[in-house]
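*Asks:* After the structure tokens below, expect a handful of questions from me.
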Amino acid sequence: MRLSAQLTNTKLADEEVPELASVPDGVSRWTGADLDRLRSAARRGGVGAEQQDLEQKLCRTIDILGARSQKTQGINAVLTSVARLRESNTFRLYLLTQNHRGVGILKMGVKKLFVTHPVTCGLVEVDPLCVLDFYVDESCQRQGYGKQLYAHMLDAEHVSRPELLAIDRPSDKLLGFMKKHYGLTAYTPQVNKFVVFHGFFGHTTVSERGKLLRTTSPTGAAAAATGTKAKNEMPG
């Protein structure tokens, strides 16, 4: 990232988060398409000043919290912004608000990954739902907001087991969060820096083309259909 962009994001991170008067406290979900609809409605006119105000302040909130996340993690590239949300229709952002101000973000999206299988030690292709960015404002940490945000996401995404998610470059703090709240610790280090817990591979088999297939049981019909050997399977 160019130095000018880094300075811009640092300045943005220091801005005060605007009040979102029309957004109820709790967790809301936003996609690039949602934000585009808000922007289009505001530009067309015919909407009240309140809606125009929401579009501007919501987008600013997302950009500020994304910049704060980048600053906290000490990384060069911003992971969450309105522009980044528009890059893929699989991206969705969970925004946590308290007292009508954004205090946390959780960005999710589907990615195609090649990861090392913990049993065969070979590369397999997976396309999991991924945690791409997770941030709670420093002033609101250790108050249960992170767990509230994560639990809401799991429910909204219909994820029955947290280990079915992949996490992009998690910090030690996030790994500690996963251990504390979900008992997840075992994973094989990956070249791409994603963390995929060993439980992700439960009830799976590997096709002849190297794609991980999920079965209903360790000896499910998918294994028979692909002709994959049972030794490539992981128990649940």
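Yeah, the Cβs are placed from backbone N, Cα and C, and that goes for glycine too.
Quantities reported herein were computed from a predicted structural model and do not represent experimental measurements.
Relevant sequence annotations retrieved from Swiss-Prot are reproduced here:
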BINDING   134-147, 171-180  acetyl-CoA binding site
COMPBIAS  219-229  compositional bias 'Low complexity'
DOMAIN    21-201  domain 'N-acetyltransferase'
REGION    217-236  region 'Disordered'
SITE      Gln73  site 'Crucial for catalytic activity'
*Asks:* What residue among the binding-site residues Asp137, Asp172 has the most other CB atoms lying within 10 A of its CB?
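*Replies:* Checking each of Asp137, Asp172, the winner is Asp137.
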*Asks:* So how many other Cβ atoms are close to Gln143 (acetyl-CoA binding site), meaning within 10 Å of its Cβ?
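*Replies:* So the number of other Cβ atoms within 10 Å of Gln143 (acetyl-CoA binding site) is 12.
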*Asks:* Which residues, sitting 6 or more apart from Phe134 (acetyl-CoA binding site) on the same chain, put a CB under 8 Å from its CB?
*Replies:* Ser69, Ile105, Leu106, Lys107, Gly146, Leu149, Tyr150, Leu174
*Asks:* Out of these binding-site residues, Cys140, Met178, which one has the fewest other C-beta atoms within 10 Å of its own C-beta?
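*Replies:* Checked Cys140, Met178; of these binding-site residues, fewest Cβ neighbours within 10 Å: Cys140.
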*Asks:* For Gly146 (acetyl-CoA binding site), just count the other CB atoms lying within 10 A of its CB, please.
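*Replies:* I count 21 other Cβ atoms within 10 Å of it.
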*Asks:* Measure the Cβ-based neighbour count of Gln73 (site 'Crucial for catalytic activity'), defined as the other Cβ atoms within 10 Å of its Cβ.
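*Replies:* I get 17 for this one.
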*Asks:* Can you tell me how many other Cβ atoms are located within 10 Å of the Cβ belonging to Leu175 (acetyl-CoA binding site)?
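*Replies:* Excluding its own Cβ, Leu175 (acetyl-CoA binding site) sees 15 Cβ atoms within 10 Å.
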*Asks:* Given Asp172 (acetyl-CoA binding site) and Gln73 (site 'Crucial for catalytic activity'), what distance in Å do their CA atoms have, once rounded to a whole number?
*Replies:* 10
